[in-house]
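Here's the structure, in structure tokens; my notes come after.
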Amino acid sequence: MGSASSAYRLIYLDVDGRIQKVVFSRFCSPYDIKELFCTALGLPRNTTLSLLDSTGAMVSIDPTMPHNTERSPYRVVPLTGGQLADKEELFQNVLTQVAEQFSRAFKINELKTEVTNRLAMLEKRVELEGMKVVEIEKCRSDIKKLREEMASRNNSHFLDDNKKLTPRRDVPSYPKYMLSQQTIDALRKPAFDLWLWESNEYHLSQETVEALRQPTFDVWQWEPNEMLSCLEHMYHDLDLVKDFNMNPITLKRWLLCIHDNYRMNPFHNFRHCFCVTQMMYSMICLCSLQETFTQVDILILMTAAVCHDLDHPGYNNMYQINARTELAVRYNDISPLENHHCAVAFQIFSQPDCNIFSTFDPEAFKQIRQGIITLILATDMARHGEILDSFKHKVDSFDFTDEEHVICLKMVLIKCCDISNEVRPMEVAEPWVDCLLEEYFMQSDREKVEGLPVAPFMDREKVTKPTAQIGFIKFVLIPMFETVMKLFPQIEDVMVQPLRESRDRYEELKQIDDAMNEVQKKKSENLTMGKKK
């Protein structure tokens, strides 16, 4: 009986002075109980009720409502239309206030406007791009005919078989490693866990070791974890680990942290970091710099190359300054990106697990820190003329025992390596042009939206590959490398000559573009004349 009776609730109601006993199951829903109360009062089932106890407090109508007695019945009060309307109005007022608070907190109206404007801009861009595609398709056949005509008339050497782009290869023709097949298979996977690289013991093949010392090294054939192993090899091969008593595990952890602090930009990314460092390693080997520089100088050159673009946001100094970004404000418009790269580099060194300089005394560390900062700040192209002019005045009477001369040379060397892509073979260099233009166009598109000045060489409507490269190679790269060549003649064949060939190739491509534009211009003029007739 006890268990059966406990499944039911007994509630006493005051119905116009009359006590009404109501029994219901504990498993009834609140809606069922409300309907039962309406029936007890002789009211329609959908009537809204308010239940009050002997003190006038409201009681929730549900199976868990407090038990009462015949002496303390609940009073049932049907709510009139006016009372309901007041409650509904109050509820609506609360909702309105909450909505206004949300709108103020999250700037909903501003977001709506911004989204609408961006959609309109994207729709316009899609329309314009669609028109461009039609125009490109119309021009393709003309370009093909023009190439064939120029080849037959001028026998241009840029169309010779030995000048054509060679197909890209996924892997080099030589073995990358000397290690177990299991580790090789793991390294080849794009999703290879970087921590596995840290725990593996392996050696680069002799072919890879030799290739790494050459400016012709193909960086596109290596995954990030493989590039890390190559960087590690460079530090060991230059005896930096041994001479400065570096912990090899700390070196690995530092390189991993470096990798993690480069962003996924089209150009300024970890592969660019590896490119610059590999070219620096190549110049150290080619120019026998370890015979003329101290090991501390070599350490500064390599480490500055690794760190020179850390956390690059993909937008250059002019954007930072014109947009008044946090970096520009922090560094007073003076090389904001390069100062930021230095700051991030030494934040990483401040972590004990990543401090490859932990064995240096404070004075030696201060010297290395200043050396790295000086070289990274030198990569700001706004200082190009100043640094190159200073080096030109020293090169004819260069003194390797003069600290000022050596610092100037190190600044020029990192500048050479930073912008050295065109030194590499055409099939390695040209994809970098595409990457750089992609990053430029991203910036110029944003500058147009934000109403900021746009540099012509970054505007997708004005620049082409040949126009982008010719001036840069002729007036920046070749003069700088030829000046370095006065000190190190051995770079002429492997670095300066490839730059001259690259300049010639882009000039020939520009001739094709100009001829094609002339053909299109004449076609347009003929069409206009035909319409007038």
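Glycine is treated like the rest: Cβ placed from N, Cα and C.
According to TrEMBL, the features are:
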type: ACT_SITE; residues: H268; note: active site, proton donor
type: BINDING; residues: H268, N269, F270, R271, H272, D309, D418, Q469; note: AMP binding site
type: BINDING; residues: H272, H308, D309, D418; note: Zn(2+) 1 binding site
type: BINDING; residues: D309; note: Zn(2+) 2 binding site
type: DOMAIN; residues: 167-513; note: domain 'PDEase'
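Overlay of TrEMBL annotations on the structure.
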| residue | record | Cβ neighbours (10 Å) |
| --- | --- | --- |
| H268 | active site, proton donor | 25 |
| N269 | AMP binding site | 19 |
| F270 | AMP binding site | 20 |
| R271 | AMP binding site | 18 |
| H272 | AMP binding site | 22 |
| H308 | Zn(2+) 1 binding site | 27 |
| D309 | AMP binding site | 25 |
| D418 | AMP binding site | 22 |
| Q469 | AMP binding site | 26 |
| task | Take the C-alpha atoms of D309 (AMP binding site) and H268 (active site, proton donor) and report the distance between them in angstrom, rounded. | result | 7
| task | In whole Å, could you give the widest CA to CA gap in the AMP site formed by H268, N269, F270, R271, H272, D309, D418, Q469? | result | 23
| said: Quick check for the class: what is the C-alpha distance, in angstrom and rounded, between D418 (AMP binding site) and H308 (Zn(2+) 1 binding site)? | reply: 9
| message | Using the CB centroid of H272, H308, D309, D418 as the Zn(2+) 1 site centre, which other residues of the same chain sit with their CB within 8 A? | response | H268, C273, V276, A305, H312, T379
| query | Which whole-number value in Å describes the distance between the Cα atoms of the residue listed as 'active site, proton donor' and H308 (Zn(2+) 1 binding site)? | reply | 10
